[in-house]
Amino acid sequence: MLSVVILFLLVAENSSQSYTGNPVICMGHHSVANGTMVKTLTDDQVEVVTARELVESQTLPELCPSPLRLVDGQTCDIINGALGSPGCDHLNGAEWDVFIERPNAVDTCYPFDVPDYQSLRSILANNGKFEFIAEEFQWNTVIQNGKSSACKRANVNDFFNRLNWLVKSTGNAYPLQNLTKVNNGDYARLYIWGVHHPSTDTEQTNLYKNNPGRVTVSTKTSQTSVVPNIGSRPLVRGQSGRISFYWTIVEPGDLIVFNTIGNLIAPRGHYKLNNQKKSTILNTPIPIGSCVSKCHTDKGSVSTTNPFQNISRIAIGECPKYVKQGSLKLATGMRNVPEKASRGLFGAIAGFIENGWQGLIDGWYGFRHQNAEGTGTAADLKSTQAAIDKINGKLNRLIEKTNEKYHQIEKEFNKIEGRVQDLEKYVEDTKIDLWSYNAELLVALENQHTIDVTDSEMNKLFERVRRQLRENAEDQGNGCFEIFHKCDNNCIESIRNGTYDHDIYRDEAINNRFQIQGVKLIQGYKDIILWISFSISCFLLVALLLAFILWACQNGNIRCQICI
């Protein structure tokens, strides 16, 4: 009898070609065969379905002239452009957001130095325009418009066209010059002037008569007085003399006084300063192209929406922040649990507790069902969109917080300011170290939150279905519910869209639940019968063995001795 029942069950399993059990609906999430590893607060390697790289490492091979206006200095740096050196005439009236200085820029006029080079360079760059206003200067009994063979323009001796070299008169006179200019305008004026340092005393007297000369330039709040430093120097473009250029800013209502008895390189006017402008300068050999980008580095323009970059510390415009890391991945999907390859003899389905689902194209979260009409999969767009909105929101905020506008991280200093340069680099290195650490921590925190959010949305979906089904179904513990009533595809759809009415199916579900539990109870006796049968069989086998031994002993076939 027992063997017949077992044989019947085996035949039923092998011959079953369609699903005849109770309907089952499962909640699950999207998965892929190979996810992306991200870092969280608690784990260095967490596999997620999708992630976005936040660190940009690629640049365009050119500088983009739009939307920022770029001015190419070509062979002229910005100071030579302001002085009016030969070869820099193309910069007259130039206006820029970023002034492009080239590493191969050269001086083309009389050799000079600027004691406060970096400050003047910064003022000119920030001004964003070479707006030169010519003025009338009444110099007394001196020869103007001095020229030099070191300063050729069209193969003719010339000089800086924004400056006026004053020398003694033909009558061998260089009287005291005392000239005042009042700023009656509504903007600040930048005056650039110089002091000539001859190579010998003879040159000093030949040019200016007075030895030593002196130049004093004053405003209401400042005064600069320079005595020429006469001495021989290495020849540069045939000259051993030098010019030192200085600058003075005259605010509206203030005045400037030039006082000299020789050696003055006088201005021909002033530059109009625009305090509202926020421009800058970039030293790079990268050519200007025809692309569009709001971010420029010395290695090329950057076109990206990533919040970080490890291309260059020097970044100008609306640029990602520079970090040391080569990669920071932000999770944009849930934790990845690859789908199992096999689903068993019945093709059984499982929910999110066991694994994810591959091929859930329409959304991250969804349903799978199994009923008399077959199996199916559908996305749950509401929970998916809720998670996407939260992730996109944090990504946008991250990008918005880290964009830099017209910020140059690394500055340049001349050799005289070496100690300042070392200090500045130390400060910048420290800032970059701190920000790189903060960026890594921020991304890890966001990744942790993303995984928590996506897990939470999955649990919300599961709880929503559980509240709908109530006693009409049983939680199988793997993200699925076994439904105790007939549930066709329309019924399944009502569960998915939240319109399921459990009262309609309540009576049928209760009856089926009791019947199924009764069958399970009856089927439970099979195990008891099997154990009883096994025990009786073992007892009979032992009894037969003992009977055989006793029979053999009586017939003398077996001899038994007991020793004490």
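Heads up, residue numbers simply count up from 1 along the chain you see.
Cβ coordinates come from backbone N, Cα and C, glycine included.
In Swiss-Prot this protein carries:
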DISULFID  C64-C291  disulfide bond
DISULFID  C76-C88  disulfide bond
DISULFID  C109-C151  disulfide bond
DISULFID  C295-C319  disulfide bond
DISULFID  C487-C491  disulfide bond
CARBOHYD  N14  N-linked glycosylation site
CARBOHYD  N34  N-linked glycosylation site
CARBOHYD  N178  N-linked glycosylation site
CARBOHYD  N310  N-linked glycosylation site
CARBOHYD  N497  N-linked glycosylation site
LIPID     C553  S-palmitoyl cysteine
LIPID     C560  S-palmitoyl cysteine
LIPID     C563  S-palmitoyl cysteine
TOPO_DOM  17-527  topological domain 'Extracellular'
TOPO_DOM  549-564  topological domain 'Cytoplasmic'
Original post:
If you skip the near sequence neighbours and keep only those at least six away, which residues in the chain come within under 8 angstroms of C76 (disulfide bond), Cβ to Cβ?
Top reply: S85, G87, C88, L91, A105, T108
Subject >> Between N497 (N-linked glycosylation site) and C491 (disulfide bond): CA-CA distance (Å) >> reply: 10
Original post:
Quick one, of the recorded positions C64, C553, which Cβ has the fewest other Cβ within 10 Å?
Top reply: C553
Original post:
Counting only residues 6+ apart in the same chain, whose Cβ is under 8 Å from the Cβ of N310 (N-linked glycosylation site)?
Top reply: V55, E56, S57, Y322, V323, K324, Q325, G326
**OP:** Please compare the disulfide-bonded residues C109, C295, C319, C487, C491 by how many other CB atoms fall within 10 Å of each one's CB, and tell me which has the fewest.
**Re:** C491
**OP:** Out of C151, C291, C319, C487, N497, point to the one nearest C553 (S-palmitoyl cysteine) in space (Cα versus Cα); all of them are recorded positions in the record.
**Re:** C487
Subject >> Other C-beta atoms that fall within 10 angstroms of the C-beta of N34 (N-linked glycosylation site) >> reply: 7
Original post:
Which of the recorded positions C151, N178, C291, C319 has its Cα closest in space to the Cα of N34 (N-linked glycosylation site)?
Top reply: C319
